[in-house]
Amino acid sequence: MIFPCLFQSMLNLYAEALSTFSLLFEEAKSSSEIEPDAMMLATASLEGHPSVRTVLLKKFDARGFVFYSHIDSPKGRDLQANPQAALLFLWRSLREAGVQVRIEGRVQQVLAEEADAYFASRPRQSQIGAWASMQSCPLGSPEEFQARLAEVKATFEGRDVPRPEGWVGFRVAPRVLEFWYGARFRLHERWRYEVDAAGYWRKFLLYP
């Protein structure tokens, strides 16, 4: 039996984890970190072949952590076949010896309206680039890409650039958040938040 006060405490653990991330993220943005919103994104194909790359965090809230990409890119194909992912933030300049945040969870596409709104906020040249790029496909030469950019620019001259149909947002809904605080002599501090099969959040202090 889960008592109401304990259940509320478990719910509050997720809010606590998000608040901790938010505070660290703001600290990173105020630090010497060049791209504090950069995060490693690990995915795996349906066959279990892993891959990892750097993407940028565009939004986070209680629903999860959002990034954008082409749905036909390798990461997009992985996530359509196997909608699970892991994220990693590493802020080396924070605290005594850096801070690392790991996040694991299930992935869903954001609503089209949300993707439209974010795409509309991007610089025009970035919007044009999203149309011109066939992400991760072989490219004959840099000049070929420049020609595609010029073609897209001419196509949308004098009007708004709409979001390409295949340019979508992905949201990672956390089931695990782990905070690693680096210290000298490898005497690190690790806190792990995870949700169990019944949907209750737990918090653990881990050996470094």
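Positions of Cβ are set from backbone N, Cα and C atoms, glycine also.
Database features (Swiss-Prot):
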- Arg53, Thr54, Val55, Leu56, Leu57, Lys58, Tyr68, Ser69, Lys75, Gln100, Gln135, Ser136, Trp180, Arg190: FMN binding site (BINDING)
- Lys58, Tyr118, Arg122, Ser126, Arg186, Leu187, His188: substrate binding site (BINDING)
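Distribution of Swiss-Prot features across the structure.
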residue : record                 : Cβ neighbours (10 Å)
Val55   : FMN binding site       : 16
Lys58   : substrate binding site : 16
Tyr68   : FMN binding site       : 19
Lys75   : FMN binding site       : 23
Tyr118  : substrate binding site : 17
Arg122  : substrate binding site : 16
Ser126  : substrate binding site : 11
Gln135  : FMN binding site       : 15
Trp180  : FMN binding site       : 20
Leu187  : substrate binding site : 10
Going by Cα-Cα distance, pick out whichever of the binding-site residues Val55, Tyr68, Lys75 is nearest to Leu187 (substrate binding site). Val55
What is the biggest Cα to Cα gap, in Å, among Arg53, Thr54, Val55, Leu56, Leu57, Lys58, Tyr68, Ser69, Lys75, Gln100, Gln135, Ser136, Trp180, Arg190, the residues listed as binding FMN? 37
How big is the substrate site in terms of the longest C-alpha to C-alpha distance among Lys58, Tyr118, Arg122, Ser126, Arg186, Leu187, His188, in angstrom? 43
Within 10 angstroms of Tyr118 (substrate binding site), Cα basis - binding-site residues out of Leu57, Tyr68, Trp180: Tyr68
From Tyr68, Gln135, Trp180: binding-site residues whose CA lies within 10 A of Lys58 (substrate binding site): Tyr68
Helix, strand or coil: which one is Trp180 (FMN binding site) in, per DSSP? strand
Where Val55 (FMN binding site) sits in the secondary structure, as DSSP reduces it to three classes: strand
Hey, how far is Gln135 (FMN binding site) from Ser126 (substrate binding site), Cα to Cα, in Å? 13
Rounded to the nearest angstrom, how far is the Cα of Arg53 (FMN binding site) from the Cα of Arg186 (substrate binding site)? 27
